[in-house]
Each structure stands twice: as C-alpha cells, then as structure tokens.
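The structure appears below as structure tokens.
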Ligand SMILES: CSCCC(=O)C(=O)COP(=O)(O)O
Ligand SMILES: [Zn+2]
C-alpha cells in the first residue's frame, strides 16, 4: 500500500479536524474523520483523541470491515459507520462526523427526518439546481451497537429512492461524505449552516 496516499490522507484528516474544531463541531473527544485509501483500506482517526489537535499518530489504517491493519491499533468507535458509507457508495472518498449544537438539538426534537427547504445553500448539493428544492435528512435513533446502527442505516438506504447528502443520529451527531475531503467539508458546512438556521427559526417561533 502506498505510504504517499496514507500521508496525504493523514494531512487532509488533520486539517479537517482543525477546521471542524474552529466551528465548534468536535467538542471534547467527539467526532471522527476518514479518507478512503487504495486497496480497500481506510485512513481513520484513532478512538478517543481530540480531533482539533490531531497529529500523524492520531490516524491509522483499517480495512473496509473496520479491522485495524496493524494489530493493537484502536480505530474510532464509529469505524463501522464510516466503512458502511464506503461500502455502499463507491464514489465516497472522505467521511466526516461531528457533534454540533444544532445537530444535537434538532435531532432530539422527534421525527425520523429533518426537512430543509427554501435555502439558497441547497444548491451546494449535486442535482439541486434551485433553492426551491427540498431535502429530508434522515434521523436514526442512537445505538451503542454500531453494527446494529449501520444495519438500520442500510435498511433506510434500501427504502429511499434518492440518497440524501448526510444523516443524523439522535442526540449524537451528523455523518456526511463526499468524493474527497474538500467535497465532504463543503457538504458538512452547507448542512451545518442550514441546521443552524432551522434552530434559530424554531427558537423564534
Ligand atoms: C465523547 S464523544 C463519544 C464518542 C463519539 O460519539 C465520537 O464521535 C468519538 O468517538 P471516537 O471513538 O471516534 O473518538
Ligand atoms: Zn460521535
């Protein structure tokens, strides 16, 4: 496996963690970040560290089933959700998970999806040429059993005709992915902006 690809992925993950931290999306040790590597491998954050202060030792390699390539390494506790995205979406090159205030609050207000409509920023997503479009972000009940949670996510993808740009886990956080790290960050920023607006709207109502 190419060390260059792993080094580039590690640099992208460290920079993404710093950016997410600047926005307050990875408090304490929350969040995790990954990049797809050649040969069915994934570079992912180690479990338990602060994602705003990552260094090269904070990123390790796993296979597409989430098994560490180096025995003894402890990848993110949510590695199974990252691998689920890479297995389901061959175009996914990077995955981001954060715990922002809007995501955490809105995901707790009930319902199995959050509708976003009328936002100019919807045009940030492929296939949405106008602000008149709408998306429904799925919300899954939180589960400490990550394999069971991933099964619930897979079941929803099987039911849905069109896959949304991300999903929420109730009282927990958000998952987004993109073709590469810039694309994943752009999706996350667009969703976080619109969810922050939704939170303001509900506060004002
Ligand atoms: C203190 S956050 C609880 C775990 C979590 O939800 C998370 O995103 C971070 O877990 P990791 O194992 O990836 O550090
Ligand atoms: Zn989490």
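From the backbone N, Cα and C atoms, a Cβ is placed for every residue, glycine too.
Going by TrEMBL, these are the annotated features:
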| type | residues | note |
| --- | --- | --- |
| BINDING | 97, 99 | Zn(2+) binding site |
| DOMAIN | 11-199 | domain 'Class II aldolase/adducin N-terminal' |
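Mean pLDDT for the domain 'Class II aldolase/adducin N-terminal' (11-199) in this predicted model: 97.
Residue 97 (Zn(2+) binding site) falls within a strand when secondary structure is assigned with DSSP.
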